[in-house]
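What follows is a single structure, written as structure tokens, with notes after it.
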Amino acid sequence: MKQGIHPKYDLVTASCSCGNVIKINSTVGHDLNLDVCGECHPFYTGKQRDVATGGRVDRFNKRFSVPGTTKA
């Protein structure tokens, strides 16, 4: 392999807004500030909300549905 073509890996500290600090090897070269991490992200903590916003299909079905019929 050629010498000197590979990036230099440094020890970087990634700090989350929740206070979690993660030390990783990265080519970025400076410390990182994260908005969310695995400790505070709603998907991983189980505090996930179901956002049921009607889209174009729901609007179409509401506009062109036949009154008096029910969905099976």
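Positions of Cβ are set from backbone N, Cα and C atoms, glycine also.
Quick look at what Swiss-Prot annotates:
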type	residues	note
BINDING	Cys16, Cys18, Cys37, Cys40	Zn(2+) binding site
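A map of Swiss-Prot features onto the structure.
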| residue | record | Cβ neighbours (10 Å) |
| --- | --- | --- |
| Cys16 | Zn(2+) binding site | 18 |
| Cys18 | Zn(2+) binding site | 12 |
| Cys37 | Zn(2+) binding site | 17 |
| Cys40 | Zn(2+) binding site | 16 |
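A coil conformation is recorded for Cys37 (Zn(2+) binding site) in the three-state DSSP classification, outside any helix or strand.
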